[in-house]
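Student: Okay, here's the structure, questions in a sec.
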Amino acid sequence: MDIRSEIVHQFSQVAREQGRRLSPLSDDLELLESGLDSLSMAILVVRLEESLGIDPFTLTDDARFPITFGEFVDFYETSSRQSQ
């Protein structure tokens, strides 16, 4: 499964379900500017754990939260490699 594609899909789905206007997703887009609020982000993380089988926020001791969409994708891709 392509992690980036799944993340883009879930961002779009959560935005639609929550009635949020999603900004175009690019690697340099700050997550705060994505159009998702904190509840939407929480839903997104749960959905990604269900679909990808990983929760990078529990797999790492790194307290650094991704700032941009690109960092968010990289965080999931790196965690996926480390969990294998």
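Just so you know, glycine gets a Cβ as well, placed from its N, Cα and C.
Curation plays no part in TrEMBL annotations; they are all automatic predictions.
In case it's useful when we look at the structure, here is the feature table from TrEMBL:
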- 15-55: domain 'Carrier' (DOMAIN)
Student: Go ahead and report the DSSP secondary structure tallies for the domain 'Carrier' (15-55): helix first, then strand, then coil.
Tutor: 21 helix, 1 strand, 19 coil
Student: Can you check how the pLDDT averages out over the domain 'Carrier' (15-55)?
Tutor: 97
